[in-house]
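Annotation comment: TrEMBL describes 1-20 as signal peptide. Under the heading domain 'NADH:quinone oxidoreductase/Mrp antiporter transmembrane', TrEMBL lists 24-288. Residues or ranges marked as transmembrane segment in TrEMBL: 59-76, 96-115, 124-146, 152-171, 178-197, 203-222, 243-265, 277-304, 325-345. Per TrEMBL, domain 'NADH dehydrogenase subunit 2 C-terminal' is recorded for 290-343.
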Amino acid sequence: MNPQAKLIFALSLTLGTTLTISSNHGIMAWTGLEINTLAILPLISKSHHPRAIEAATKYFLVQAAASALVLFSSMTNAWHTGQWDITQLSHPTSCLILTVALAMKLGLVPFHFWFPEVLQGSSLIVGLLLSTLMKFPPITLLYLTSPSLKPSILMTMAILSTALGGWMGLNQTQTRKILAFSSISHLGWMAIIIAYSPKLALLNFYLYTLMTAAVFLSLNSIKALKLSTLMTTWTKTPSLNAILLLTLLSLAGLPPLTGFLPKWLIIQELTKQEVALAATIIALLSLLGLFFYLRLAYCATITLPPHTTNHMKQWYNTKPTNTMVAVLTTMSLMLLPISPIILAVV
């Protein structure tokens, strides 16, 4: 793909995202979502591999259906109340349709089936965009409409997402599919808290984006698409492998790493809101995710390939690690001590 085309698609993604997050009108939010969908499709299918074309087709069908539901929700609300403002959703049918539409956009259970398949058919960099940037507009719409949405529906979808995201990631051998189920699991944490503390859900999304970007870029720099590839990467980039281990544990939410901060705050807030049972269930379900992160970390750092002289010295000839990877991994590990400052800013 030539640089001009990439620039156009990057600008379109920026425009679509900005349009959606800055608009209150239903039509403008829908327009931004459509621009985003159309801009990412050529990036997914640029390799012309049958798997990539299949992924682009699935993505287009699901996102087009979800965008149509967003528009239908706004139209229904406007028909009954005369309001196009998405922050003033008051009609129950509109609220229900919008919840379904945003769940489809994000890949929340039971509308999650498309996401692992699309991620598996994309490259790691496009997978990073799908897991982070493309989730930002729907999360923003969820943030804006959270006072109107039913907490019981969101909580049910959140617990199911955390359970299935952890459960279905257990037997995967492809790193992109593992990260897709990881994303579904993390979205469950965001969905459960957004009705009670929308700012906390956004903080969770920012930190999730930070840690996921660090993992995707690390895997991209060592070209690891399968667990079997990860087993030999320590001979090429030993320092990056060691840091990848800690970043994965941060994504799992272990203290004293950055990933522990949102989980800790969410459980604390749920307990304050007297839904301690939901907090207990979602905390226990996160152990499923911890298992497959540990498996990734184990494959990356603890398994040993055959010890041949050439094999052991491969890291002498490798290029230095990207600065972006270094910055993101450092932030993924060390933000917990400055959590009071982060909370003051948010």
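Each residue, glycine too, has its Cβ placed from N, Cα and C.
TrEMBL annotations: computationally assigned, not manually curated.
A quick note: this is a predicted structure, and the numbers were derived from the prediction, not measured.
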Leading contact stretch, 96-115, 152-171, 178-197, 203-222, 325-345 vs the transmembrane segment (124-146) - CB distance under 8 Å: 203-222
The transmembrane segment (277-304) touching the transmembrane segment (152-171) per 3+ Cβ pairs under 8 Å rule: yes
Mean of the pLDDT scores, which run from 0 to 100, over the domain 'NADH dehydrogenase subunit 2 C-terminal' (290-343): 76
Other parts of the chain folded back onto the transmembrane segment (325-345), taken as Cβ under 8 Å at six or more residues beyond its ends: 203, 207, 210-211, 213-214, 217-218, 221, 240, 243-244, 246-247, 250-251, 255-261, 265
